[in-house]
Amino acid sequence: MGSGWVPWVVALLVNLTRLDSSMTQGTDSPEDFVIQAKADCYFTNGTEKVQFVVRFIFNLEEYVRFDSDVGMFVALTKLGQPDAEQWNSRLDLLERSRQAVDGVCRHNYRLGAPFTVGRKVQPEVTVYPERTPLLHQHNLLHCSVTGFYPGDIKIKWFLNGQEERAGVMSTGPIRNGDWTFQTVVMLEMTPELGHVYTCLVDHSSLLSPVSVEWRAQSEYSWRKMLSGIAAFLLGLIFLLVGIVIQLRAQKGYVRTQMSGNEVSRAVLLPQSC
């Protein structure tokens, strides 16, 4: 809250804690009670329209409210009528409350905007099929978009340059808990040879939309790619095994040399005697 606003709210609360006749309505004062003041700023289209509201609550019941749209204190219960009348009679208090729209709400908005409403994080986009893709067989293509902020985002699917609207499903934006979002947009497909699927992502953090392609390949191409991956992994395993064997062989050679020296000494000693 802005400077100059907190003191008068505190003063009002101190005044309320007296629980005078206007609050107790002639009854005995309760032993335990809670008085609260809650202030809220409501923004529409940035700071184009701002509403400042202060709620005064006695034992969980709101009884007096200041609304900048109304411009005065309003009693919500009989308990609040004397206080509303008293506060509305103080022109300095009314003026300070009305000025809070600029002095509190718009002021704090400018301070917090760079790391709240102005914060932007670019998304990471990945496209992958749900199952091993085979031509002419139904499958589901996933467009995974992660780590973006704010949550408003547009994601579209294209097949050979034409937008696909049918068979599109989305999880919607999901909060990650770290001020970022993630979402997955899925497309039902039956891939044909030569088909090019494109996931187009448009977000306020991007200078231009990001597109990621996925191309349908023949079963032979997939088998060839998988065979290449398997051959690479197998070669890597053989390489590691060879390195381990070589290291062990070098250690064995050193031990053999030491054993040979010991044997030589054992043979020479009797001859010297």
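Keep in mind that glycine also has a Cβ here, set from the backbone N, Cα and C atoms.
According to Swiss-Prot, the features are:
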REGION    121-214  region 'Beta-2'
SIGNAL    1-26  signal peptide
TOPO_DOM  27-224  topological domain 'Extracellular'
TOPO_DOM  246-273  topological domain 'Cytoplasmic'
Message: Going by DSSP assignments with H, G and I as helix and E and B as strand, what are the residue counts for the region 'Beta-2' (121-214)?
response: 0 helix, 53 strand, 41 coil
- prompt: Given the model, what does the mean pLDDT over the topological domain 'Cytoplasmic' (246-273) come out as?
  reply: 56
